[in-house]
Amino acid sequence: MANTNVKEKELAKHTDQSQESISTVVSSNEVKHNKESDSNKKVVYSTQNLDLWYGDTHALQNINLDILENNVTAIIGPSGCGKSTYIKTLNRMVELVPSVKTAGKILYRDQNIFDENYSKEKLRTNVGMVFQQPNPFPKSIYDNITYGPKTHGIKDKKLLDEIVEKSLRGAAIWDELKDRLHTNAYGLSGGQQQRVCIARCLAIEPDVILMDEPTSALDPISTLRVEELVQELKENYSIIMVTHNMQQAARVSDKTAFFLNGYVNEYDDTDKIFSNPSDKQTEDYISGRFG
């Protein structure tokens, strides 16, 4: 009985500390999130009654979610709740799994991406993706950045040079790498590799950037740099980011969707989610009571 009481006190202490830490982040970001009203922003993605199955496993259930342009939208939730599956559905990469079946609609710029004649190639050009582990190609930094443009038919050396500089500047890493463009990207640190992957994504000028836990494999300094970069990128791109880090979601996002057991349990302004959630399960998750 004594051990049980000790554990309960430890859990309560941990919960209070987690909530206090997140509240501090939310409070410090209050001005940042005081932006134009949602009514002035266009919907870039509208998910309507989406269900998804892996074979007989019902992984996503009745997802309804409108994602606004030039926002950072955080997708949070415990492992196995459908976060990564959802964002991989947004560019149809999930269909690389043979057993996948979907029902419902996802409208990207008012067009249903599941329509028979909708081009997956065009979708993946417009919607870039950055993965959990940095995954540069085993090529030079220059060749990593120019891979996409060359695939799209750009051959002019001067234009490619301009794309490389613009993309690396966009990823806030040009000054670090401008004298190393022809060295292998594998020789970079993890944080540098991830920013090169972001630059590679920017090189094809996407409209939306999907990020699947982009800092989980990085050290704290590299994580901070990527978070600062995300804040800069949202001026020109719409960013949807999966994260397990509650403080990170509170720091960088404008909207937050909490997924639980394949459902969207709650979706609202990030400040609202972390300071005054409407649902008890949301409150329990962000305060560390489960997950």
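Don't overthink the numbers, they just go from 1 along the chain as shown.
Using N, Cα and C of the backbone, Cβ positions are placed for all residues, glycine too.
According to Swiss-Prot, the feature ATP binding site maps to GLY77, PRO78, SER79, GLY80, CYS81, GLY82, LYS83, SER84. The compositional bias 'Basic and acidic residues' annotation in Swiss-Prot covers 1-17, 30-40. What Swiss-Prot lists as compositional bias 'Polar residues' is 18-29. Feature annotation from Swiss-Prot assigns domain 'ABC transporter' to 45-286; the stated evidence is sequence analysis. Residues or ranges marked as region 'Disordered' by Swiss-Prot: 1-40.
Annotated features taken from Swiss-Prot, shown on the structure.
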residue : record           : contacts (Cβ under 8 Å, 6+ apart)
GLY80   : ATP binding site : none
CYS81   : ATP binding site : PHE259, LEU260, ASN261, GLY262
GLY82   : ATP binding site : LEU52, ALA59, LEU60, PHE259, ASN261, GLY262, TYR263
LYS83   : ATP binding site : ILE75, ILE76, GLY77, VAL242, PHE259
SER84   : ATP binding site : ASP212, GLU213, VAL242
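Of the listed binding-site residues, namely GLY77, PRO78, the sparsest CB environment within 10 A is found at PRO78. Mapped onto three states, the DSSP output places SER79 (ATP binding site) in coil. Taken together, the residues of the domain 'ABC transporter' (45-286) have an average pLDDT of 96. Counting every protein chain shown, 8 other Cβ atoms lie within 10 Å of the Cβ of SER79 (ATP binding site). Other residues of the chain with a Cβ within 8 Å of the Cβ centroid of GLY77, PRO78, SER79, GLY80, CYS81, GLY82, LYS83, SER84, the ATP site, are THR85, PHE259.
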